[in-house]
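Working notes, beginning with the structure itself.
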2 protein chains.
Amino acid sequence: MGEFDLIARYFTRPVRRNPLGVGDDCALLQPAPGMQLAVSTDLLVEGRHFLSTVDPERLGHKALAVNLSDLAACGAQPLAFTLSLSLPQVDERWLAGFARGLFALADTHACELVGGDTTRGPLCINITVFGEVPAGQALLRSGARAGDDLWVSGTLGDARLALEAFRGTVSLPQDVFEAARRRLEQPQPRVALGLALRGLATAAIDLSDGLAGDLGHVLRASRVGAAIEGTAAAGLFAAGRGGFRLPEAQVQDLVFAGGDDYELAFTAPAGRRAGVEAAAMRAGAPVTRIGRVRAEPGLVVVDAQGVARPVDPAGFDHFGGP
Amino acid sequence: MGEFDLIARYFTRPVRRNPLGVGDDCALLQPAPGMQLAVSTDLLVEGRHFLSTVDPERLGHKALAVNLSDLAACGAQPLAFTLSLSLPQVDERWLAGFARGLFALADTHACELVGGDTTRGPLCINITVFGEVPAGQALLRSGARAGDDLWVSGTLGDARLALEAFRGTVSLPQDVFEAARRRLEQPQPRVALGLALRGLATAAIDLSDGLAGDLGHVLRASRVGAAIEGTAAAGLFAAGRGGFRLPEAQVQDLVFAGGDDYELAFTAPAGRRAGVEAAAMRAGAPVTRIGRVRAEPGLVVVDAQGVARPVDPAGFDHFGGP
């Protein structure tokens, strides 16, 4: 217990939002009148979600970032989080770095640690995050309507590109690798954009598993389909914007099945284009219109010649990795 | 992903409380007006919190029970929970058992699964539980006052007794072992008692690490001390009530440092004895008055001769286990 009390000390800070502070049996939270509490939880396991060699400061950032990204996708304002941490041993250098990265991002979003649990075991990190959203205004997956525009924030594919470089299936110039690695290890959750899209977007999701898969959740929940313009999608590939070239099939893999992008994909009525663009500008988040929601189920990509091909999830594997 | 979709299916049930059901980016919760949300989280790791051989149904029960016990200690009414589960492989028999135990207890307390995360990895279970308590009425650790009675619910020591039997440091008759093992593997959280103690108890905690250690948290948070009557404490030893005998020093270990009891320890003004007893009766939870809160810091045990000895946490080790 003694050394795990020590761990707890790294995560004990003055608390404003929870009237108890960390350390009673429960944390107490009280959403403002008329507000709902948005709750999301993510479990990160060493070897599966991060490499054992990752900088602990970046890991602390990412563990919270992936949760804040879920709040962003619901248009919720971050409030608080709990942290459960299982560690093989107490490594003070590691803990200090992890706490630094975690709290730097938490402070950016005024999101407070209100409780948690630490134990000895395999390296696992579970964060549960709480946000506030006016009742009935959360952005859901189920609101997309035929005719809506389909939008994506930022750029896609860099995180997967870095992963492929770590795996040795692609060789990258140093500057491309460093930029891609930052995207993989320090994703920036689109919290401001999620808030700005309340009342504008009809549906939203954050892109953690890849555009094709995550968009599929929206389309199924909304009982619609979508057509994506291939050229617009290819233009989302971040490293490509910097002039780095890859075979077209690999760019498609990165954009449609990249994963770990933590951008938002969302839908909005065509009549709200100016509103969406103004909201994105206010939020400091570039957005790109990449297609259209349609009544026919399924996801298709339309090429420059206007030919629509269904997106086949099994078709994304042009790196030949392990 | 495919097989982990399968896992998710074991945990997908009709949801009433969360307006979205499981499956959007966030769950949405709305405490009733004037209510605070009590939040607690516990991480259970194989080999540390449970044996690999444990019946999965009992494990599903226990994973939720230890969290509900934290709500009980705050006097909160269970509402909902999230589940993060990391599994080395998909074993349908195991999953079906785990889900059965988990949902049986959840249904008993009308506590709904509203979200979660599943992944491949070492066997780790993280549950975050949500309860409701009227603002300002939560039972805290910090409210004990000198002169208050000190109470404990149920009996103590059986869970640790079962653990010592598994470790081979003690040999038990079959019926004693089975009863003790049930306490270790299927603790019953004192939710009804926690609710009944609102407005009566001045402080409360659930006993997960052992009476001496957990009571220490209350005493420090309340800036008080306590004197426990040794005979009353020894009377809490469950197996002893059934006639099973152990050396006195071992009984002390089990009662004061047993752990995994998931009973409540609480304090209440001496003038509320009848009220406490009536509340406990209503809640179906036997309670025993074992001592007194006093102004002098620290915890002492008073023997039958009236001699007070300080409780030394390092003194509990009369099993000589590994």
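The backbone N, Cα and C atoms fix where each Cβ goes, glycine too.
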Among A:D5, A:D55, A:D70 - the residue TrEMBL places in the same Mg(2+) 4 site as A:D25, A:S40: A:D70
Least Cβ-crowded entry, counting other Cβ within 10 Å, from the binding-site residues listed as A:D25, A:D42, A:D117, A:D209, A:D260: A:D209
Of the binding-site residues listed as A:D42, A:D117, A:F316, the one whose CA lies nearest the CA of A:D25 (Mg(2+) 3 binding site): A:D117
Which binding-site residues sit within 10 Å of A:D209 (Mg(2+) 5 binding site) - Cα, from A:D42, A:H49, A:D70, A:G116, A:D117, A:D260: A:D260
From binding-site residues A:D70, A:G116, A:D117, the one whose Cα lies nearest A:S40 (Mg(2+) 4 binding site): A:D70
Intrachain C-beta neighbours of A:R141 (ATP binding site), sequence separation six or more, cut-off 8 angstroms: A:A203, A:A204, A:I205, A:H217, A:V218, A:A221, A:S222
A:G116 (ATP binding site) to A:T41 (Mg(2+) 1 binding site) - Cα separation in whole Å: 13
CB within-chain contacts under 8 A for A:D206 (Mg(2+) 3 binding site), separation at least 6: A:S69, A:D70, A:A72, A:A73, A:P189, A:R190, A:D214, A:Y262, A:E263, A:L264, A:A265
Pairwise CA distance, A:H49 (substrate binding site) versus A:D42 (Mg(2+) 1 binding site), rounded so that it is a whole Å: 11
Binding-site residues, contacting chain B; criterion Cβ under 8 Å; candidates A:S208, A:D260, A:F316: none
